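Below you'll find the structure, written out as structure tokens, and then a few comments.
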């Protein structure tokens, strides 16, 4: 027999098998108009202003962290603008591993800047850097706004603070590197994904891979796969069309410069993946390299980012699946790159914004770790303490980040600054020869070489690898395939100046070592400029890595970065 039941009233809540915990994310909107006019997230102004200020500071004060940035990107750009510059073996048409399409993107800014500033090439250098800063600002601001609309102001504000001040983001944002371009694409693609625009997100991802760094395709896979599952046809068509258009454009540009039908994107992948590229020739590191590097550049932010999966069971309702998809490349990329023998700091650039997002989500979830699931809105003592710990954790991250940034800028900015002094010593005469020995890898680019310097030449200080050699216009410039280049990192006979007596000017780092340097002969050379340079080998790791007030200058050891001029006899 059927049992009589009370008729359900309209005010009764519907019964469910298991009611999920109530959070602010699920708060229903009032229908009485009470929520009208309420700010539903951060607007664009605050992220654009904050990021704009910090990225401008980065553009004007950032050091050059990797000689690959100079010789594979700044020098080809200088050649396109001024018909002079150093060429690496990757730009030989025999190998054609580097894309001129990526260089042309920056020429769009460099060419009008070169016309406007004339002979002031240093200003052209900084104009391109400010362009890079602008790209970073737009992409990161979009990510912050998307986080705000999806997960609230608090998480977005934490992410904004870290994107602005984390040392890794500060330095990577204005580096002229394909990995930095992929980082911009990662921020914008993640933002579009959170804006529920999967087709556009995948299109931007394809741009970051083809126009930027092809290997970053692995970091974009989670977002791409999830978008395809969610909305296959528009995502697939948009991704394919974008990829085809960019690949065709890349091939056409490569043909124009290399004077042969080739694809630098495919060449790079084949050389490193299918061709067994010998990247180990350029140095190897242990499996923990990226963990140590991540902590140096992000401190506790990096630790919190790695803990995202640990807090996911507690915060699953808030962050799964969208935010999990967004931050999953952090784990995927670090694991993959740690397995490669050749490691460099710049290889982690594509996931730098995601580290900030993952850490922000963990910090924002501190109180959730202590909530009673049967009373999620209750405020126990532990929950109150967790809420207090959130700004404290963020403040500690920002303070340590500033300490790292300050230490690197003030400890290692001497090379860029000392080359600027060349402008004040044109009395050396036209056609002067600037010589650089073991400091070739800190050469800041030909943008810092004034017109009166006829040549920049390397001196043999014992380096046995292959060094960059000036583009040879008589052999075809960008289309040349010089016989002195090889892909085995073997030195060429043409790379060194045979007679050091031809040197008019000399760049040298003077450290506290038991052997003399060329510039130590004061009967031949006079010091015309000198700046302190942090001696990494003799300085304690903690004090050289982070600025500690009243200890940084006392505990660290400094050498002198010098510009010397030959004494006329």
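Residue positions begin at 1 at the first shown residue.
Each Cβ is built from the backbone N, Cα and C atoms, and glycine gets one as well.
What you are looking at is a predicted structure, and each value in this text was computed from that prediction instead of being measured.
Annotation source TrEMBL lists compositional bias 'Basic and acidic residues' at 24-37. What TrEMBL records for 1-37 is region 'Disordered'. As annotated by TrEMBL, transmembrane segment applies to 100-118, 124-146, 158-179, 199-223, 235-253, 297-315, 322-339, 351-370.
Same-chain residues lying 6 or more positions outside the transmembrane segment (297-315) and placing a CB less than 8 Å from one of its CB atoms are 162, 166-168, 171, 324, 327, 330-331, 345, 354-356, 358-359, 361-363, 365, 368-369, 393, 396-397, 400-401, 404. Between the transmembrane segment (158-179) and the transmembrane segment (351-370) there are 3 or more Cβ pairs closer than 8 Å, counting only residues 6 or more apart in sequence, so the two stretches are in contact. Pairs of Cβ atoms less than 8 Å apart link the transmembrane segment (199-223) most often to 235-253, out of 100-118, 124-146, 235-253, 322-339, 351-370. Within the same chain, residues 73, 76-77, 80-82, 124, 127-128, 131-132, 176, 178, 181, 211-212, 246, 249-250, 253-254, 256-258, 264, 478 sit at least 6 positions outside the transmembrane segment (100-118) and bring their C-beta atoms closer than 8 Å to a C-beta of that stretch. Same-chain neighbours of the transmembrane segment (124-146): 41-44, 47-48, 51-52, 55-56, 58-60, 62, 74, 77, 81, 106, 109-110, 113-114, 117, 156, 159-160, 163, 169, 173-176, 180-181, 183-185, 187-188, 190-195, 353, 357, 445, 447-448, counting only residues six or more beyond its ends whose CB sits under 8 Å from a CB of the stretch.
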